[in-house]
């Protein structure tokens, strides 16, 4: 750098207006250099957390450029005039338009993140089946304690264990050009939310099925309502030995369709009869195998979903011709009384 930094000059008086403008120009240069440095380091970082922080700091530096530029334009009217002149030259040569006070464009740049975030959460909320019915506990930290509860000579905790909260992630990409001109399609964020929910529900079901101590019983074909009712009542009886309920069941749509038959003894469809029995909810999800049905006591004393981080959207920055976004959540399931869970298979 060839210019003299006015802060290095020995002095006994305040800066002049010209020196303040010099300081601001130097500050802008320093911030631009810092932006390049952080983005270059992020580009070659394989650690997602390091990359995330570097890009976040780079965005903060870009805000600092705007702050220093605003002060400089206030002090130096000539700079404003020359900037506008430069914008006009670019427009004549390339057709690209730029404006110092283009409020509409500024609002567009600010709004795209919120529009994508709103579409993402819409996909999550509409796609969820399990979390709409299961007890949810929000905690701080990256792990949770599971207290295994038994009902022998009084209610007591017989075992404690600690588990990490799994972090679920999905990335999606939006074209830089589309973000700039506002032609991007928010449905890509909605789809990312739906895929996150698929991972979320698969994790919950996988954890339930693999938990030590749950009961297992034979699942028949359910070709007639009597078979289905018999299976479910036997499983309910087994689960009720360990909990007073209310009881719910988790079932695949194809298996659920077999409940949409008239149960002759009641004159109603079997599913309507079961809704009166399973007041903890009949949860239909594609994320459980057709040949498995889970009957469980739907109460926090038996199980709850642990949320360490709600669904979050982060802008990671440019990757080629796209801008990358990361969707994440930290979620797990805590099973405290496995004896109140029965799997038909």
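Every residue, even glycine, has its Cβ placed from backbone N, Cα and C.
DSSP assigns residue 64 (Fe cation 2 binding site) to a helical segment in the three-state reduction. Per Swiss-Prot, the feature Fe cation 2 binding site maps to 31, 61, 64.
For residue 64 (Fe cation 2 binding site), applying a Cβ distance below 8 Å and a minimum sequence separation of six or more within one chain yields 27, 31. Annotated Fe cation 1 binding site per Swiss-Prot: 31, 61, 64, in sequence order, evidence recorded as a curator's inference.
Annotated region 'Ferritin-like domain' per Swiss-Prot: 1-109, in sequence order.
The annotation region 'Encapsulin domain' is assigned in Swiss-Prot to 110-345. Computed over the region 'Encapsulin domain' (110-345), the whole-number mean pLDDT of the model equals 91.
Sitting within 8 Å of the Cβ centre of 31, 61, 64, and not among those site residues for Fe cation 2, are the Cβ atoms of 30, 32, 34, 35, 60, 62, 63, 65, 68.
Counting every protein chain shown, 18 other Cβ atoms lie within 10 Å of the Cβ of residue 61 (Fe cation 2 binding site).
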